[in-house]
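Encoded as structure tokens, the structure appears first; notes follow it.
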Amino acid sequence: SSPTTQCGVNVNVFSVYPVPILWSQHLDNSDLVSLFGGLFPRGADQEYSAFRVGMVRFGMTDFRLTPHIDNLEVANSFAVTNCFCSQFSRGVYAIFGFYDKKSVNTITSFCETLHVSFITPSFPAEGMNQFVLQMRPDIKGPLVSLVEYYKWEKFAYLYDSDRGLSTLQVILDTAAEKKWVVTAINVGNLKDERKDEAYRSLFQDLEIRKERRIILDCEQDKVKDIMEQVITIGRHVKGYHYIIANLGFVDGDLSKIQYGGANVSGFQIVDFDDPVVAKFDQGWEALEEKEYPGADTRIRYTSALTYDAVNVMTEAFRFLHKQRIDMSRRGNSGDCLANPAVPWAQGVEIERALKQVRVDGLTGNIQFDQYGKRINYSVTVMELKNNGPVKIGYWNEVDKMVVTKSDLYPNDTMGMENKTVIVTTILEAPYVMLKKNSELFVGNDRYEGYCVDLAAEIAKHCGIRYQLRIVGDGKYGARDAETKIWNGMVGELVYGKADIAVAPLTITLVREEVIDFSKPFMSLGISIMIKKPQKSKPGVFSFLDPLAYEIWMCIVFAYIGVSVVLFLVSRFSPYEWTLEEPEDGALPLTTESNNEFGIFNSLWFSLGAFMRQGCDISPRSLSGRIVGGVWWFFTLIIISSYTANLAAFLTVERMVSPIESAEDLAKQTEIAYGTLDSGSTKEFFRRSKIALFDKMWQYMKSAEPSVFVKKTSEGVLRVRKSKGKYAYLLESTMNEYIEQRKPCDTMKVGGNLDSKGYGIATPKGSPLRNAVNLAVLKLNEQGLLDKLKNKWWYDKGECGSGGGESKEKTSALSLSNVAGVFYILVGGLGLAMMVALVEFCYKSRAEAKKMKEEVFSRSMSRLPGNSPRQESVDTARVLCVLSPASAFNLGKAGHFRGEGSGKSCGRTA
């Protein structure tokens, strides 16, 4: 299916391959045969197929073209020499073929010496070569004009030395004249096994030099390799501009760079809108790929030049036959190595006939000057837009650069109605989830969630059809630090695998450089998720919790201090000392003053005031009342504050959290913390210049085992299983959602660490961008975004929202809340009983002792020498200290008889 014969083997294309019906005609009418040779390099399958098609198409008039085809390695000068001499010895009239930098001098030398015309689609050779016909137009003029049009004054020029240095020399000469700053780099000598690494290193060096305008003077295969690495390291985004300096702009696959945002310009020699090209393209598509290798793809510009070369040779030989010029090789041995060399006499006639040809081919007007170079040609100037390569103008030798269209970026969804938009997303609850029994559904109906509903609303407003597709690697999108390749949903947009991303995708600077975001459809921030700590059980003395223990200690000291001060003030103040007056107004039996505020009464007064109870005694003096007043004010404030806090402390079961903020996380090492391995949260900490967040990043990136997780679900599971030893940093919206899901064992602590938003992403310059933006704004104004969040966060929550039944449960006190009060009550009652018993025992013992003394005293009084009168007088003196009523009662009981009543106390002798 490709030219595989070696030098010296004749291949007749008509006997080997069938001819397509579209181009088949009778070839047996002619007896005139024109021999010419063909030198094809290995791998030039499509060029060879185009050559054969041209032989069929143009060899059907009054004579027949018969080629002799050789397959060779054009970089091998010995093989080129051998094949060229083999062709010459067969008596060919002209030779069609390819060359490279290493073989061009060998071929041009043989042509000049032997007067054999060489028609080639290879790059234009330097110098004046009489017998070499250049099918490829010179690109120097269009390239310089395009650089001037873009007003570049500083750029990098990457060239392939295998194509020669003539274009480079023109660029450098023009740069010197116009004071351009050009960085010229040869990319033609890189070894294949390390070329990818070399390309990446090259562009990284260019980035350091701030070189973002680059000319690629290479063939399409090398341009393809370079562009792959450009995409890999992220140099295909907005701010970069590339000019591809060959004539086949549409020959390469530009789909991967199409949505990156970088400007890409170039030239196209084959105009597929031209009727001649369109007709050829129709026949080309009808070819069988097995019989015509390369026919399954659009014809490249080198193949089009090959086809046009056959046309040129046909026209030249037709002219020679009409002129009846004898082109026989009789008398010429055909030895190209003869010394001295014998040129072919008719070679000059053939050379002149070839240069006089003027036809319209696939590459436009074909015309040559006296040196065999193309003249009066036109080149289309192309730019890569979001909808593919687009013509922006043309270049010719007369008008130079002519721009016909300057702004072709689409701003609406025209052309999207008949296309199914690929929506990339990620399985992440509650945004996108598989339905139960999802295998029973097909297409978008398999999924449910916030983003599923949002995508449906967006599609409705934009009027498009869409298909949800889960991202293959399950990642949101980050760029690898070494390879610079984007992964996740961002990568699918950058590399043209998806048209839009509807997912919880955070809007960040690095992502905005390579894709476009809509207005945020949800606002959020980075938050901390920890395992919900166990609810603290109320202690026996939980009623003391409303006030700190330090306050309780101060209250105790204040109570003692106030009591002591009151005692001292009462002692010093004369107004606190009073004489005891009898109840019936009689004169007191003694002149001693009495003070009610002893130390025990002072303590009792202070305690009564603190407990908000009354007391039988009150200060009489101004100083005592001041002490009492300030103590009452103090107790008023303390008791009010205590009562206010008591309800909250007794009715709410508190959870003691070891972490309350990012500062708490950063200053400890017992609890590990991490983020999603590929996402905006990790990028936030990596890029942060804030000391706290930088400290956290240094810990996270060096922690062993790794604290990063591949999926959010993995991070949540790690929190739940870590027994409080792992905290997960994630977006607050996801944190709030998970907190509402069973087993309800996670919680959000602290405030958000930053403020950001989720946006709908599209490739750079996508026609969907404006429509999606307007749809998001409209949904927000209608309140639909809030409704969707309530639906998927709280309406479907599984842990309750703090209202209804759960609220009633938290408002009821349990026995454990007030158990300490009962303990104190029981303890107080027991203590009172014990004190009463002690008092009773003590008093009984004292009374018993006193009675013994009285018995002894009475016994002594009955002894001889003691008269009854004396006993009565002694008893009366004892009763004088009693009140009249007491004395009367005692006398009535028989203990005192005879000498008056209590009224005589004090007058007794």
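Cβ coordinates come from backbone N, Cα and C, glycine included.
On a predicted model such as this, the values are computed, not experimentally measured, just so you know.
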Disulfide-bonded cysteine for C336 as listed in TrEMBL, from C83, C85, C111, C615: C85
Whichever of C744, C880 is disulfide-bonded to C799 when TrEMBL is consulted: C744
Additional site residue, E448, E457, E731, E736 [criterion: listed by TrEMBL with P504, T506, R511, S680, T681 for L-glutamate]: E731
Three-state secondary structure, which DSSP defines for R686 (site 'Interaction with the cone snail toxin Con-ikot-ikot'): helix
Site extent for L-glutamate (largest Cα pair distance over P504, T506, R511, S680, T681, E731, Å): 17
Tertiary neighbours of I659 (site 'Crucial to convey clamshell closure to channel opening') (same chain, Cβ under 8 Å, six or more apart): I528, I530, L665, I671, A727, V749, G750
Sequence-remote partners of the transmembrane segment (547-569) [C-beta within less than 8 Å, at least six residues beyond its ends]: 576, 597-599, 602-603, 605-607, 610, 619, 621, 623-624, 627-628, 631, 634, 638, 641-642, 645
Counts of helix, strand and coil residues, the domain 'Ionotropic glutamate receptor L-glutamate and glycine-binding' (430-495), according to DSSP: 27 helix, 13 strand, 26 coil
Mean of the pLDDT scores, which run from 0 to 100, over the domain 'Ionotropic glutamate receptor C-terminal' (420-795): 86
For E731 (L-glutamate binding site), the one of R479, R686, K778 that lies nearest, given that the recorded sites are compared by Cα: R686
Any further residue of that chain within 8 Å (Cβ to the Cβ centroid of P504, T506, R511, S680, T681, E731) of the recorded L-glutamate site: Y476, L505, I507, T508, G679, K756, Y758
Separation of alpha carbons, T506 (L-glutamate binding site) and R479 (site 'Interaction with the cone snail toxin Con-ikot-ikot') (Å): 14
